[in-house]
Amino acid sequence: MERLKLGKIPEHWCIRLVAMLLLAIIFLPSTFCDIGSVYNSSYETVIPERLPGKGGKDPGGKVSYMLLMQGQKQLLHLEVKGHYPENNFPVYSYHNGILRQEMPLLSQDCHYEGYMEGVPGSFVSVNICSGLRGVLIKEETSYGIEPMLSSKNFEHVLYTMEHQPVVSCSVTPKDSPGDTSHPPRSRKPDDLLVLTDWWSHTKYVEMFVVVNHQRFQMWGSNINETVQAVMDIIALANSFTRGINTEVVLVGLEIWTEGDPIEVPVDLQTTLRNFNFWRQEKLVGRVRHDVAHLIVGHRPGENEGQAFLRGACSGEFAAAVEAFHHEDVLLFAALMAHELGHNLGIQHDHPTCTCGPKHFCLMGEKIGKDSGFSNCSSDHFLRFLHDHRGVCLLDEPGRQSRMRRAANCGNGVVEDLEQCDCGSDCDKSQCCDENCKLKGNSVCSTELCCFKCNFKKEGDVCRPADGPCDLEEYCNGTSAACPSDRKAQDGSKCHESFLCFNGQCMDPTFQCSRIFGHGSRSASDYCYTSLNSRGDQFGNCGSSSQFPKKYTKCSDKNVMCGKLICTEVAFLPQIQPNNLLLQVPETEDWCWSVAVFDMRDSLHEEYVKDNTYCGKDKVCKNSICEDFTPFSFPCSPSKQCNKHGVCNDLGNCHCSFGFAPPDCKEEGTGGSVDSGPAVNLSNDSSPGPNSTQSSTEELILNLKLIVLAVILVLMILLIIICIISAYTKSETASEAGPSELEELPEGEKEEQEEVLPEEAKGEEEELEYGKEEAEEQGAVEEEGAEEANEEAAAEKKDEDEEEGEE
């Protein structure tokens with residue numbers, strides 16, 4: 001009876017409610033405050049006043065503004081820059097896993113450069129479309145200016161940009177297509193004439209820019225804003241490259257809107273190689289370019305940028321990568337110009353190089369905003385041109401080459417007016433034909449919210465959550481597009497003590513599982529201490545970039561932030577020949593570490609990631625365990641989401657099932673305003689042809705649990721009724737039957753009761769038969785006795801008669 005308690009019925013609901021409660025608790029953030037402020041100085045509100053041209057005429061390509069700056073009137077004289085329509089380049093992004101060509105709404109002739117009247121050495125570079133946005137340099141101080149979005153009076157914010165005055169760049173990779181140690185060559189007079197002629201002509205670098213997912217999120221996950229920001233950066237970079245009579249022309253932009261297709265580790269040298277492999281495989285042949293640069297959003301290790309020396313115009317090494325983890329646009333533009341300089345054959349400056357009145361030469365290892373190319377840079381660049389490595393720079397980009405490419409049906413990319421593009425597999429496609437048109441009644445093709453050529457139902461999950469820091473997205477029933485990928489707000493709690501960053505839980509066990517497979521986990525404190533205190537390739541807190549490498553031992557407080565140490569390893573990964581695995585015995589298991597020398601290997605995440613928990617109120621930063629300063633966000637799960645949801649990376653609530661966005665206060669089906677409706681429970685009698693009432697996996701699961709609970713109740717009731725009935729029968733049988741049955745357990749009673757009728761019947765028949773035989777035997781014996789008595793009486797009578805006669 002104990003195994004059939006009714007208490008089991010609500011256990012499924014209890015487990016489900018506890019799971020939902022734990023989910024809410026996981027994402028409950030602490031009190032956060034901002035740790036990522038880029039600017040540490042004053043702000044002021046200004047109202048730029050555009051001045052009319054002389055005689056009220058438009059000067060054409062020139063404009064002047066007056067603004068009150070630090071209590072003084074400043075007159076800005078600006079002139080349009082750029083010879084080509086600024087919006088005539090393809091912009092690629094990903095939607096539901098499909099590469100598409102975007103058509104952002106961008107204005108032409110927006111970038112202007114100039115100076116402040118009466119301020120020697122001043123410089124202004126701004127975008128004047130929709131207000132002024134850009135950089136002003138006055139008396140060696142950099143200012144940023146941008147419009148206030150909510151202002152009705154053309155108000156702007158003007159702020160100083162003093163944070164991070166310089167960034168660094170290491171020695172460029174050795175496997176670039178040129179040797180970095182060529183000695184100076186003696187030049188013939190004819191060579192000098194050629195070089196002089198080349199120098200007098202403007203060179204054009206056709207640059208393709210890629211923005212990684214994290215940087216895209218830092219720009220608000222907004223494609224138009226990202227495109228505009230990249231254009232501003234290119235405009236500022238041109239203010240540096242004009243020092244070598246070179247103009248950067250943006251020929252294309254790709255934004256990794258749904259995640260990075262390559263590994264983007266902290267080590268930018270590794271990122272550069274990964275990006276170059278991707279460029280050769282995915283970009284070459286799609287868009288013509290002289291160089292391709294990747295902009296990443298995370299804080300790197302030692303250096304802010306990496307580039308292949310002399311890589312421009314080559315098919316193999318025309319790549320560079322820069323980290324833009326702050327918001328100092330001018331400093332980043334200087335970094336991009338520096339890395340581009342490496343692509344153009346310009347090496348780092350030495351102490352004898354000069355660059356006029358500038359504090360920093362642009363090609364020094366330390367890069368500042370107030371910097372320029374040196375005489376050494378010019379010499380290196382001329383040598384690059386002389387070696388015919390820069391022939392592609394002499395071709396002036398024509399308007400036709402800058403225009404958006406017409407849709408190329410059959411390349412697998414949905415472009416311009418194409419309805420679909422089945423690539424080379426059109427014969428297998430049920431929805432798309434070889435002309436990139438939808439077949440028959442098809443309304444969609446390969447999108448995430450498309451199923452059998454029709455829209456998926458409203459509320460269907462189109463992108464499931466990928467881990468505890470990711471959020472589900474749902475189809476709306478009227479479109480094939482899945483909403484953009486949304487993550488949990490940075491700083492949200494995951495796995496008790498860890499934090500979410502960029503949609504990933506900073507739990508080292510996740511890193512171990514990516515290397516050693518399912519079941520492996522982050523090792524014990526003993527393993528981290530014993531290995532990371534060694535200071536060798538298997539345990540350290542960093543290494544030098546020189547060869548041979550020198551490794552830094554981890555101090556006691558930093559051992560959890562060095563090399564990733566794993567345990568409970570059941571499967572060994574396949575590794576490149578130059579890489580090594582080390583196992584060290586622990587008390588109950590093994591400590592595993594990896595040493596990676598071939599960066600193409602999948603093991604390159606060999607260090608504990610930044611923002612990983614390393615102690616109470618501490619996280620790892622560049623292999624150092626630092627104090628963690630909580631974030632400050634406008635969205636709080638306990639306030640804005642009423643404790644019934646979590647905050648996403650846009651600051652909106654993602655509600656739990658049972659509550660409705662935007663504030664999770666009213667009853668609903670979950671989801672958010674960004675992720676789509678979780679499920680449609682409305683009773684609309686006139687749904688669209690492809691928008692029907694449906695339920696999500698969550699509702700189906702709950703319905704299954706309800707049905708299961710009802711079945712269990714019925715089964716338990718039936719079993720109880722059967723047991724009671726059997727028990728009653730056994731009690732009745734025990735009163736009439738032998739006493740031994742009363743002593744038997746109930747289960748044996750039932751079996752005995754089933755056996756008794758057959759056995760009892762046989763015994764009864766035997767008893768009756770024996771009784772009849774006994775009765776018959778008795779009757780025979782009694783009859784024989786009577787006959788004997790009669791014979792004896794007769795004999796006695798005869799004897800008496802004989803005696804009488806005598």
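Keep in mind that glycine also has a Cβ here, set from the backbone N, Cα and C atoms.
Look at Swiss-Prot and you will find 680-694 tagged as compositional bias 'Polar residues'.
The compositional bias 'Acidic residues' feature in Swiss-Prot is assigned to 740-806.
Sequence annotations record features per position, and here Swiss-Prot assigns domain 'Peptidase M12B' to 203-397.
Here Swiss-Prot flags 406-490 as domain 'Disintegrin'. Assigned with DSSP, the residues of the domain 'Disintegrin' (406-490) fall into helix, strand and coil as follows: 3 helix, 15 strand, 67 coil.
Feature annotation from Swiss-Prot assigns domain 'EGF-like' to 631-665.
Residues annotated as N-linked glycosylation site in Swiss-Prot, with sequence analysis given as evidence: N224 (among others).
Secondary structure at N375 (N-linked glycosylation site), taken from DSSP and collapsed to helix, strand or coil, is helix. The N-linked glycosylation site annotation in Swiss-Prot covers N375 (among others).
All protein chains shown were included, and the count of other CB atoms within 10 Å of the CB of N476 (N-linked glycosylation site) stands at 20. Residues annotated as N-linked glycosylation site in Swiss-Prot, with sequence analysis given as evidence: N476 (among others).
According to Swiss-Prot, the feature N-linked glycosylation site maps to N680 (among others), an assignment based on sequence analysis.
According to Swiss-Prot, the N-linked glycosylation site annotation covers N683 (among others).
Feature annotation from Swiss-Prot assigns N-linked glycosylation site to N690 (among others); the stated evidence is sequence analysis.
Marked as region 'Disordered' by Swiss-Prot: 169-188 (among others).
The region 'Disordered' annotation in Swiss-Prot covers 668-694 (among others).
Annotated region 'Disordered' per Swiss-Prot: 735-806 (among others), in sequence order.
What Swiss-Prot lists as topological domain 'Cytoplasmic' is 726-806.
Annotation comment: Swiss-Prot describes 705-725 as transmembrane segment, evidence class sequence analysis.
Taking the Cα atom of each, N375 (N-linked glycosylation site) and N476 (N-linked glycosylation site) are about 60 angstrom apart. Distance from the CA of N224 (N-linked glycosylation site) to the CA of N476 (N-linked glycosylation site) is 24 Å. Confidence across the topological domain 'Cytoplasmic' (726-806), taken as the mean pLDDT and rounded to a whole number, stands at 58. Here the Cβ of N224 (N-linked glycosylation site) has 14 other Cβ atoms within 10 Å, regardless of which shown protein chain they belong to.
Other C-beta atoms found within 10 angstroms of the C-beta of N375 (N-linked glycosylation site) number 14, with every protein chain shown included.
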